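Pulled from TrEMBL, these are the features on record:
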DOMAIN    A:88-299  domain 'ABC transmembrane type-1'
TRANSMEM  A:33-56  transmembrane segment
TRANSMEM  A:92-113  transmembrane segment
TRANSMEM  A:125-142  transmembrane segment
TRANSMEM  A:174-197  transmembrane segment
TRANSMEM  A:230-252  transmembrane segment
TRANSMEM  A:283-304  transmembrane segment
Amino acid sequence: MATLAPPVSGPAMPAARQAASPRREAWQRRLPLTPALIFMIIVTQIPFVFTVIFSFQSWNLVRPHSQHWVGLENYANVFTDSAFRDALLTEIGMTALAVAISMVLGIGLAVLLDRRFPGRGVVRTLLIAPFLIMPTVAGLLWKTTMLDPVYGIVNYLLRLCGAAPVDFVNQHPMASIVTVLVWQWTPFMMLIVLAGLQSQSNEVLEAAKVDGAGAWTTFRAITVPHLRPYIELGVLLGAIYLVNTFDVIYMMTQGGPGTATTNLPYYLYQRAFLGFDVGQASALGVVTVAGTILVASVALRMLFTVFATTERRA
Amino acid sequence: MAEVRYAEASRAYPGTPPVVAVDSLELTVADGEFLVLVGPSGSGKTTALRMLAGLEEVTSGHITIGGRDVTHVPPRDRDIAMVFQSYALYPHMTVAQNMGFALKLRGMPKETIAERVTEAARLLDLEKYLDRKPKALSGGQRQRVAMGRAIVREPSVFLMDEPLSNLDAKLRVETRANIAALQSRLGTTTVYVTHDQVEAMTMGHRVAVLKDAVLQQCDTPRTLYERPTNVFVAGFIGSPAMNLYTVPVDEHGARLGDLVVPVRRDAAAGLATVTVGVRPEALCLVGADEDGFKLAVELVEELGADAYVHGRARLADEEQRVVVRVDPRDPPAIGQTVRIGVRDHGEVHLFHPDSGERLHS
């Protein structure tokens, strides 16, 4: 019997392995991803489910034992809340301004960097540096060393010109915040546009030259259309990140003066962690997430058409 | 319509020592002529063309178009049109916009542009594609759009930089003929760059052969083929290439193994060896009792109209590769040893063994 065993199990084993293999293979692929997936669910999905649950409750931490179900009341409040509307408008304005200005500056710098000159590598590194600084640090840096009315560099320069000192953060809060965001995001836009410029065929530019186009005409008629997908990509990615701006506002203005620089993330933070109104803040959060998903899915679809066209071109 | 002249024109790139891409090019292209610049890669042919286009600086000498010195004139004021190797079509413009771009920049009225574009499209069989973008076209169609973009401008000179190198073999032969026909119809002076000597020979009124930044010879295809000025031109022009051997020479002539090729006394005076060039079609199979050398057949290429025998022979104490054109109806077998003679002693070229220059014979 023992001698017979091997020949029997021999052919049987591979058959068994074959039957199990598609499943096994699938698990071999899933397994390394599972920890990340579980982690993602724990830190994002479970809190979100709780948030949805809280959003149907009236629950203020200041008044213990006041927690009770209120149905859609919190949501109704969101849409009648004028502070929410203001925050939304601030959010849109801030993001649009920062993205637009940093894109224009980024294109300008990229065009300058696209030509050879001694020290180009150093200049490029220096220009990228602001993007590598933590937003919190950037906010603090600008608030103190740059814009402080007493010892800030900008006011020092203004005084040299004979102008009166300006308390930028208090007198022009929106402009100050946007300046910092632009300072941080211009390098990002520059890098994307630079990649676009360097992917442009030199022969096309030469053809335009032979066809009689000057430098400006070539840029407008040939280079900008070529850069369009890159500009779209930069605007899109920039907007996705800038919509979530919190650190800079927290560091520089705390959403003020008044509500001048309160955007949605900061407003949410105020309701939840300064007002302790968990129910209302949860409803706000859910509405914001829904809105973001809506905008992001439209944006992502756009993003994929950008990739599709570059692929077709290649 | 214009005559083009390179007057000792050079292009050197700074460096130590400076890299000379085109060295004192002296060349005149007659009005309405189709001149082909040909040479191996790195010979400076494309640089020479780009100098004429104004895309490459001329570091010394002059270039004139129609008698006007354009050495330091920007490309757009030279009245030239260029067809690039990659075609360099504007990817975001339709075929019609691509072709009309130069005219639009000149501020020409829309109706005139449309008229000229339609005319050029008809000439190139592109009428159906005027509204398409370049990416929706095949390689051959893109090539024609690039041609069309040059034609609509009605320039005084066409410049073409290897415009056929991205096409497949069959289309290349077809387009070659079309371009030549189009040029003779328009009568526009054309400078055409290629690395393909067949293209050069079939298209050019005259062909300029460049090597290592220096012009070797510029003449009609026939003269280039029949009287190459040096070993390089002899070996570069013609396919399969000319057989070239450096062999001893005495009062009877040059010795190709057992075969003695008569050499005029004054031509090889004072030389112990001479470089002999014989084209495959100047050699033939001969009988055992005739003058000739033995060849071991290694390969027979049958092309239909011709057959080429590749083999090895002992010439001047060295194994040499020899190519012979034979009657395709009766080629020798591989492995066979045959006897090779010269069809006509007038078709044997003699070159100086060291300088490679043609010896007058």
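Quick reminder: no glycine exception, Cβ is built from N, Cα and C everywhere.
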Annotated stretches the transmembrane segment (A:230-252) and the transmembrane segment (A:33-56) touching (3 or more Cβ pairs under 8 Å): no
Seg_contact(the transmembrane segment (A:174-197), the transmembrane segment (A:33-56)) with at least 3 CB pairs under 8 angstroms, min sep 6: no
Residues from the same chain, set at least six apart from the ends of the transmembrane segment (A:125-142), whose C-beta lies under 8 A from its own: 109, 113, 176, 179-180, 183-188, 190-191, 245, 247-252
